[in-house]
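Trainee: Structure in structure tokens, see below.
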Amino acid sequence: MGTTTNIIRVLFISILIDFLEFTIILPLLPKILTYYGRDTGINQDSLYVQTMSFVQFIQNLTGAPNDAKWNSVLFGGIIGSLFSFLQFFSSTLCGAASDRYGRKPMLLLSMIGISVSYGIWCVSFNLTIFMLARVIGGLSKANVAIILAIVSDSTTENERNRAMAWIGAAFSLGFIFGPLLGAFCSQWGIAYWPNSTMMFFIVPAVISLVLSLINIVFIIQCCPETLPIAKRDSKQTTITDISNKILPWHLFKFTAIHNVKSVDDIIILRRLGLASFLYMIIFAGLEFTITFLVYNRFNWNSMKQGKMFFIMGLCMALVQGGYVRRIPPGKEIIAAISSNIISHTNQDL
């Protein structure tokens, strides 16, 4: 039990650091895109022009308002969707690779890629470089999936609920302080370098890079390998195996899952998978567009947005850290439905 507790503590700290560095950018995105769109004519970044053309296409297709403010929301949605799309592939494939090569090597590989993306963000003087950073970040963002696999390796069925609640609490704490840290660093960069037009995002980018490097060193020193060689998947990977892990129709059927106790378990997994997918569509849309909404509608600066995320994250931490881990086994579905009814009531602005 002591070893399990230590591993969960290590993972809690790692997830907390990771989500701090990941959410630093959230309150800055509207201003970053405004910065990249400041140039006109021959000085304008070609990728920015092409992306705006695609935004116009989506706008015409959906009948969205022909307004610069709403165009920026669509722009932010495209960037968020691209990151999540790439993360989907990396999480699935790296998670499968960790079954064969071990958790720790794949976790470190993922975290190194994340650090590279932050390093590129530090020098993203135009949208092309910024998008390169986001692409590398999305392709590398498999660490969460691997950490969840480590939790599964390290806990019994009775311990897993509590362990997952602690991991969820780490997410929430990162969500509390990450955006606030990003807003503070942005204001600090503007105050100390008032003549620079880029320090509002360079300082937060450097902080994200430093945190990611600290996280790598921390995992190297403190996180043990939880999947012994004897338990690793030694089977040769085939094209069918890969397709089962990345094609949506296979994923929703959980085709890649073999070691289940009964057909009923597969049915439950499919229902939970579909419910999770539908919920995450809504939540991911909120995460990447709410900053643009409050920026355009209420003219909130990065500091006000950081405070907004602070309140949201505080509520998440109280629920996940204080309530979720106390839910009795078998009552999870009722608790999930109840919390969703409460959280999605009276959300019109």
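Backbone N, Cα and C define each Cβ position, glycine as well.
According to TrEMBL:
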- 7-29: transmembrane segment (TRANSMEM)
- 7-349: domain 'Major facilitator superfamily (MFS) profile' (DOMAIN)
- 73-94: transmembrane segment (TRANSMEM)
- 106-126: transmembrane segment (TRANSMEM)
- 132-151: transmembrane segment (TRANSMEM)
- 163-193: transmembrane segment (TRANSMEM)
- 199-222: transmembrane segment (TRANSMEM)
- 277-295: transmembrane segment (TRANSMEM)
- 307-324: transmembrane segment (TRANSMEM)
Trainee: Below 8 angstroms Cβ to Cβ, which residues of this chain, lying six or more residues outside the transmembrane segment (132-151), approach it?
Mentor: 7-8, 11, 14-15, 18, 79, 82-87, 89-95, 98-99, 103, 106-107, 110-114, 116-118, 120-121, 124, 160, 163-164, 167, 223, 226-227
Trainee: Does the transmembrane segment (73-94) reach the transmembrane segment (199-222) with at least 3 CB pairs under 8 A, where each pair is 6 or more residues apart?
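Mentor: Between the transmembrane segment (73-94) and the transmembrane segment (199-222), contact is absent.
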Trainee: Hey, which bits of the same chain come close to the transmembrane segment (163-193), Cβ under 8 Å, at least six residues off its ends?
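Mentor: Contacts of the transmembrane segment (163-193) (Cβ under 8 Å, skipping residues fewer than 6 from its ends): 4, 8, 11-13, 15-28, 31, 147-148, 151, 154-155, 199-204, 207, 301-303, 305-310, 312-314, 316-317, 319-321, 324-325.
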Trainee: For the transmembrane segment (106-126), find every same-chain residue at least 6 residues outside the stretch whose CB is under 8 Å from a CB in it, and list them.
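Mentor: Apart from its flanks, the transmembrane segment (106-126) reaches 18, 21, 25, 36, 45, 47-48, 90, 94-95, 97-98, 132-134, 136-137, 139-143, 146-147, 150, 198, 201-202, 205-206, 208-209, 212-213, 215-216, 219-220, 223.
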Trainee: Please give the sequence-distant neighbours of the transmembrane segment (199-222): residues at least 6 beyond its ends with Cβ less than 8 Å from one of its Cβ atoms.
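Mentor: Same-chain contacts beyond the flanks: 10, 13-14, 17-18, 20-22, 24-25, 28, 31-32, 35, 104, 107-108, 111-112, 114-115, 118-119, 121-122, 124, 181-182, 185-186, 188-190, 192-193, 302.
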Trainee: Which value does the mean pLDDT take for the domain 'Major facilitator superfamily (MFS) profile' (7-349) in this predicted structure?
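Mentor: Per the prediction, mean pLDDT sits at 84 for the domain 'Major facilitator superfamily (MFS) profile' (7-349).
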